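One structure is given here, and the rest of the page talks about it.
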Amino acid sequence: MSETAPAASSTLVPAPVEKPSSKRRGKKPGLAPARKPRGFSVSKLIPEALSTSQERAGMSLAALKKALAAAGYDVEKNNSRIKLALKRLVNKGVLVQTKGTGASGSFKLSKKAASGNDKGKGKKSASAKAKKMGLPRASRSPKSSKTKAVKKPKATPTKASGSGRKTKGAKGVQQRKSPAKARAANPNSGKAKMVMQKTDLRKAAGRK
């Protein structure tokens, strides 16, 4: 009898299923969404634009919009914001409305706001000048005091040397004068002796 080979199993073994990783992939630093730049504050740009105008009657709304557009502000999208900012600044007393009513008309800075801007500019210019000058005056004062202290000792020896010369000169004059006086005294003493001798001889002759 012929041997029969065992039949191959028809059942298939299922392949292992990979489980999805529970860890979330971290975002790359380069792909982080860039933040939108903050918009310009209209309440600050409007006073700056009005400070540049030299018109006494103020700046009209159309001219103000041109100045804001030149500064990089989107006037068309933010038209309503400009009008609201103008009303707020007028109510606060920062701006004065010279013509028109509401947001339409001409505007200019009030005296208080103008004086505040001038003071700020003066402080900035003073600080810039101080930086250009370099060291402050307080740091320069020790150098001047050192130079004065060095000059004073030099002046004192000159006075002492002058006085020394005067004393030496006076002593030399006295020494020179003293021999002359001695010589002048010696002849007088010799004459006195001769007179005494003559008187003695006369007396002796008279006695004889």
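A Cβ is built for glycine as well, from the same backbone N, Cα and C atoms used for every other residue.
The following features are taken from Swiss-Prot:
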COMPBIAS  1-12  compositional bias 'Polar residues'
COMPBIAS  121-134  compositional bias 'Basic residues'
COMPBIAS  143-154  compositional bias 'Basic residues'
COMPBIAS  199-208  compositional bias 'Basic and acidic residues'
DOMAIN    38-111  domain 'H15'
MOD_RES   SER9  phosphoserine
MOD_RES   ARG56  citrulline
MOD_RES   SER141  phosphoserine
MOD_RES   THR156  phosphothreonine
MOD_RES   SER163  phosphoserine
MOD_RES   SER178  phosphoserine
REGION    1-39  region 'Disordered'
REGION    95-208  region 'Disordered'
SITE      GLN54  site 'Important for nucleosome binding properties'
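Within the same chain, no residue at least 6 positions away in sequence has its Cβ under 8 Å from that of GLN54 (site 'Important for nucleosome binding properties'). Reduced to three states, the DSSP call for ARG56 (citrulline) is coil. Under a cutoff of 8 A between CB atoms, and with a sequence separation of 6+ in the same chain, the neighbours of ARG56 (citrulline) are LYS108. In the domain 'H15' (38-111), helix, strand and coil residues by DSSP number 36 helix, 11 strand, 27 coil. Per-residue pLDDT, averaged over the domain 'H15' (38-111), rounds to 85.
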